[in-house]
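Q: Below, the features straight out of TrEMBL:
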BINDING   Gly76, Thr79  Na(+) binding site
TRANSMEM  33-56  transmembrane segment
TRANSMEM  68-91  transmembrane segment
TRANSMEM  97-119  transmembrane segment
Amino acid sequence: MINIAMVGLGGAMGAMCRFLVYEGYINFAKNTSLPLGTITVNVLGCFIIGLLGGIADTRQIFLPEVRLLIFTGFLGGFTTFSTFGFESFLYMRNGQIGLAVLNGLIQLIAGLIFVWAGFGLSKAF
């Protein structure tokens, strides 16, 4: 039962943080064609999982329940692959194939780079 609670608590915190990022972009980046909120949470989530995954990999410092809270719960609630897919679909449906491809490339390439960067940074700890 504790595992379910940890995932639920982490997921709620991650979803609230994702909402705050989206709200920030709605208020400050109104004149953009790309979904900057989605890109930001997905890339930042990749960096965080790379960083913390690297630390966990080399130091074994996270209890299993804490891993569930952070990796499955928080990062699962914070990042959003389904929103990325839907936004890309909307671009394609509206004939904006270039933006759909650009969105996909940004998220994939930046995601991989930021997992790598986070994992690399974890070696400094």
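Yeah, the Cβs are placed from backbone N, Cα and C, and that goes for glycine too.
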Q: Which secondary structure state does DSSP assign to Gly76 (Na(+) binding site), in the simple three-class scheme?
A: helix
Q: Could you tally the C-beta atoms, other than its own, that fall within 10 angstroms of the C-beta of Thr79 (Na(+) binding site)?
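A: The answer is 22.
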Q: Could you list the residues of the same chain, at least six apart in sequence, whose Cβ is under 8 A from the Cβ of Gly76 (Na(+) binding site)?
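A: Once residues fewer than 6 apart are set aside, Gly76 (Na(+) binding site) is near Val7, Gly10, Gly11, Gly14.
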Q: For the transmembrane segment (97-119), what are the same-chain contacts with Cβ under 8 Å, counting residues 6+ beyond its ends?
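A: Same-chain contacts beyond the flanks: 33-35, 38-39, 42-44, 46-54, 84, 87-89, 91.
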